[in-house]
Amino acid sequence: MKLQGTMLVKENELYIGGVSCKELREKYQTPLYVFDEDLVRNNCREYVKHFRVNKENNRVAYAGKAFLPIYMCKLINEEGLCLDVVSGGELYTAYKAQFPMEKILFHGNNKTIEEIKMGVELGVGRFVVDNYYELELLEKICEEKGEKQAVYFRITPGIEAHTHEYIKTGQIDSKFGFTLSNGELYNALEKLNNYKNIELVGIHAHIGSQIFEVEPYLDEVKIMMNLVKEIKESYNIDIKEVDLGGGMGVYYTEEDKPKTIKKFCEAIIEKTEEVCKKIDIKVPILIIEPGRSIVANGGSTIYTVGAMKHIKGIRTYVSVDGGMTDNIRPSLYQAGYECAIANKIGEKRKNQVTISGKCCESGDILITDTNIMDIKSGDILIISSTGAYGYSMASNYNKITKPAVVSVQNGKSKLICKRQSYEDLFKLEVV
Ligand code: LLP
């Protein structure tokens, strides 16, 4: 398991943020999400610095869907980032965290009337308008409330990138955004004249997630900048802001070779300047929306090892006290992870085992066939890089309670989300 951030080995024990996993288990029990605050803050700072947030007014909007407790909203605000929300629930979380509403981008391909009203009333900075339906609702609601709303149009630019490959197609087959290749976007732009309460200030696209290459982004830059020029020439609208979405890849296992935040940001900015110069337009304000690349490596999950089953000649199953309820990604996307035994971290990996969860589901496997130290029931198993889309996608399947989240920093631990109790499971039930 690659040591990330503040992870440190001392006398065969793994420490994160200066706190041993043993101590964390004693204090908070398992399963437990551990949040390496220095690592996450450092990622934010790298983005702010290399995306030239202070120098050139570019913006980094953290994609809250990756992990959004109130604590995280506050951290994001302290670090000078904007926030991308995709639902009334995420927006309300930001509101509870007193996140500045003007720094919020409101996404979603099917915002409800209530969500749109909430966004307008709270004063979110930008609606990322996804379709005609939303455009009409938003106009009507803004008119009723006497508000003018700044928006971006979400565009489906015909680039789809996933991890190791990307395709450039007409890509009409997406539920998101105004499609570029079939003229949908131009229809929407024409309609704008009828909407007096909506101001189009930017365009947005998101080309995928867990992407390692920069080329798809550079192609995206080209398309978007040309669009800025075209929209000015054909519709006389000044597009001042261009949002390139998120998706920057991270390390989960040795197969993953992500770019540094610095390299990634520099490549985008350089390409933007080059294209703008070539087509003779002013460089717009750039926005990116990283989620995973801010929090993934900052999160680890610690479990206690329970039952073990050895099937001779086939495999050994090692079951932990969590599973697909706290990390759905292996079952949902066949996502790979690395693990170790935190209380034997210095020892050799002599055995091959499969780490399984405790759900009544054969597919509840966290890691298949991994090499591990000599493992016994009661050991502390750690899976690294679970910080993105782990807690945010957690469920109560089998009425398993959600783990607590603890932030660790400078030798201290701090509870940021309590463990769900059995009683919490009935909060919504009317009995
Ligand atoms: N912006 C938009 C419009 C998005 O749709 C997304 C992710 C992001 C930003 C952030 O992407 P990131 O930097 O985190 O890759 N549950 C999946 C990931 C789904 C991502 C959906 N959209 C997973 O666990 O891999």
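The chain as shown is numbered from 1 upward.
In case you wondered, yes, glycine gets a Cβ from its N, Cα and C as well.
As given in TrEMBL:
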ACT_SITE  Cys360  active site, proton donor
BINDING   Gly247, Glu289, Pro290, Gly291, Arg292, Tyr389  pyridoxal 5'-phosphate binding site
BINDING   Arg292, Arg329, Tyr333, Glu361, Tyr389  substrate binding site
DOMAIN    40-296  domain 'Orn/DAP/Arg decarboxylase 2 N-terminal'
MOD_RES   Lys65  N6-(pyridoxal phosphate)lysine
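Shown here: features listed in TrEMBL, placed on the structure.
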{"residue": "Lys65", "record": "N6-(pyridoxal phosphate)lysine", "Cβ neighbours (10 Å)": "20"}
{"residue": "Gly247", "record": "pyridoxal 5'-phosphate binding site", "Cβ neighbours (10 Å)": "25"}
{"residue": "Glu289", "record": "pyridoxal 5'-phosphate binding site", "Cβ neighbours (10 Å)": "26"}
{"residue": "Pro290", "record": "pyridoxal 5'-phosphate binding site", "Cβ neighbours (10 Å)": "28"}
{"residue": "Arg292", "record": "pyridoxal 5'-phosphate binding site", "Cβ neighbours (10 Å)": "25"}
{"residue": "Arg329", "record": "substrate binding site", "Cβ neighbours (10 Å)": "18"}
{"residue": "Tyr333", "record": "substrate binding site", "Cβ neighbours (10 Å)": "11"}
{"residue": "Cys360", "record": "active site, proton donor", "Cβ neighbours (10 Å)": "8"}
{"residue": "Glu361", "record": "substrate binding site", "Cβ neighbours (10 Å)": "15"}
{"residue": "Tyr389", "record": "pyridoxal 5'-phosphate binding site", "Cβ neighbours (10 Å)": "23"}
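Residues Gly247, Glu289, Pro290, Gly291, Arg292, Tyr389 make up the record's pyridoxal 5'-phosphate site, and a Cβ search at 8 Å around their centroid adds Ala63, Lys65, Ala66, Ser209, Gly246, Met248, Ser293, Ile294, Ala388 from the same chain.
Counting in whole angstrom, the residue listed as 'N6-(pyridoxal phosphate)lysine' lies 10 from Pro290 (pyridoxal 5'-phosphate binding site) by their C-alpha atoms. Among the binding-site residues listed here, namely Gly247, Glu289, Pro290, Tyr389, Tyr389 has its C-alpha nearest to that of Tyr333 (substrate binding site). For Glu289 (pyridoxal 5'-phosphate binding site), the nearest neighbour among the recorded positions Arg329, Cys360, Glu361, judged by Cα separation, is Arg329.
Listed recorded positions: Gly247, Gly291, Cys360, Glu361, Tyr389. Those with a CB atom under 6 Å from ligand 1: Gly247, Gly291, Tyr389. The recorded positions near Tyr389 (pyridoxal 5'-phosphate binding site), taking a 10 angstroms Cα-Cα threshold over the set Arg329, Cys360, Glu361, are Arg329. When other Cβ atoms within 10 Å of the Cβ of Gly291 (pyridoxal 5'-phosphate binding site) are tallied across all protein chains shown, the result is 23.
Spanning the residues Arg292, Arg329, Tyr333, Glu361, Tyr389 that the record associates with binding substrate, the maximal Cα-Cα distance equals 27 Å. In this structure the C-alpha atoms belonging to Pro290 (pyridoxal 5'-phosphate binding site) and Arg329 (substrate binding site) are separated by 18 Å.
If you compare Cα positions, Arg329 (substrate binding site) sits closest to Arg292 out of the recorded positions Gly247, Arg292, Cys360. Put simply, Gly247 (pyridoxal 5'-phosphate binding site) is 30 Å from Glu361 (substrate binding site) when counted between their Cα atoms. If you take the Cα of Gly247 (pyridoxal 5'-phosphate binding site) and the Cα of Cys360 (active site, proton donor), they are about 32 angstrom apart, rounded to a whole number.
In three-state terms derived from DSSP, Tyr333 (substrate binding site) belongs to a helical segment. Across the residues annotated as binding pyridoxal 5'-phosphate (Gly247, Glu289, Pro290, Gly291, Arg292, Tyr389), the two Cα atoms farthest apart lie 15 Å from each other.
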